[in-house]
Ligand SMILES: NC(=O)C1=CN([C@@H]2O[C@H](COP(=O)(O)OP(=O)(O)OC[C@H]3O[C@@H](n4cnc5c(N)ncnc54)[C@H](OP(=O)(O)O)[C@@H]3O)[C@@H](O)[C@H]2O)C=CC1
Ligand SMILES: Nc1nc(=O)c2c([nH]1)NC[C@@H]1CN(c3ccc(C(=O)N[C@@H](CCC(=O)O)C(=O)O)cc3)C=[N+]21
């Protein structure tokens, strides 16, 4: 029997932990956890994600602020907003939604966020802490942190002897995912657009993670029988069967056929996506605890 991981359900249990930790911190230190999300431009998908982040932050008992800036925003104005949020003691987490519209320099903006407020884990300090195995004081990118919760639930804490293949090498997902798997003792391969014989590389994986952005790229014959398959891709495709002009979300994995081969698989929607938002809340309440000198909860 193939197990389909219910990401909403796992995310709900993470959110429960965040809620109680938020309330406990408020009670012990009088500190309300604060999250600021910055969105530039009017990409509808980005607005939808940011909207759900704000709703979830409120549900967790956070102070939640959203800054919506026009697509024409100048680099120095965005930098000034980040500086204000860095200096605001009521804000513990800052997330700048990516990608930023051209010609904004997203790397400069991301690196200007204080590492202790960088709940996306993208600053060189947090990326470096992850790379050196310091998971105690850094913050880890939400999507790989969430994907890792699924991996741990399936395989336990120690992945010794297991081959993991991550398709994709972005700073937001592929690289930190590979680091987390390596920290857990998996034998890790990172594949990308220049990889030769990708299907063959993937067939070696006991844990296969796809984060590419190509609808249903991973087929059944790419997957080792019994493997765990984590689908990170979010692709909106036409769905004429639902009516003219309708769309639906699919992952990077051909879910139906791969389900027949894998032993565990995450769906899209309802898999990694909801966990990303839950781990953003987790990172924010962790940052608030550290700011207040309290021991943060574990996720
Ligand atoms: N569920 C969630 O919460 C989240 C989902 N996502 C989704 O995950 C996907 C990846 O996101 P992200 O990492 O930011 O994307 P990027 O576009 O930054 O990275 C995509 C990666 O895929 C690789 N790639 C592209 N084409 C191929 C190919 N034909 N074969 C093998 N590798 C290929 C690229 O290789 P190269 O480096 O050589 O160009 C690159 O490393 C997207 O669909 C995104 O929407 C992202 C973040 C959160
Ligand atoms: N600085 C930054 N950090 C991010 O973490 C970040 C980002 N920028 N830019 C875009 C990507 C994408 N991303 C998603 C978050 C939640 C869902 C999610 O909740 N998806 C639902 C479905 C949502 C729907 O129906 O549209 C699901 O998969 O079930 C998806 C994608 C975070 N990202």
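Cβ from N, Cα, C; glycine included.
For reference, TrEMBL has these:
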type    : residues           : note
BINDING : 168, 169, 170, 234 : NADP(+) binding site
DOMAIN  : 5-120              : domain 'Tetrahydrofolate dehydrogenase/cyclohydrolase catalytic'
DOMAIN  : 141-290            : domain 'Tetrahydrofolate dehydrogenase/cyclohydrolase NAD(P)-binding'
Nonlocal residues around residue 234 (NADP(+) binding site), in sequence order (Cβ under 8 Å, 6 or more apart): 213, 249, 251, 268, 269, 273
Neighbouring C-beta atoms (10 Å sphere around the C-beta of residue 170 (NADP(+) binding site)): 17
Under 8 Å by Cβ from residue 168 (NADP(+) binding site), same chain, sequence gap 6 or more: 174, 190, 191, 192, 209, 210, 211, 212, 232
Secondary structure at residue 168 (NADP(+) binding site), reduced by DSSP to three states: coil
Neighbourhood of residue 169 (NADP(+) binding site), C-beta criterion under 8 angstroms, separation at least six: 175, 178, 190, 192
Helix, strand and coil residues within the domain 'Tetrahydrofolate dehydrogenase/cyclohydrolase catalytic' (5-120) as assigned by DSSP: 62 helix, 19 strand, 35 coil
Counts by DSSP class (helix H/G/I, strand E/B, coil) across the domain 'Tetrahydrofolate dehydrogenase/cyclohydrolase NAD(P)-binding' (141-290): 59 helix, 30 strand, 61 coil
Among 168, 169, 170, 234, the binding-site residues whose C-beta sits under 6 Å from ligand 2: 234
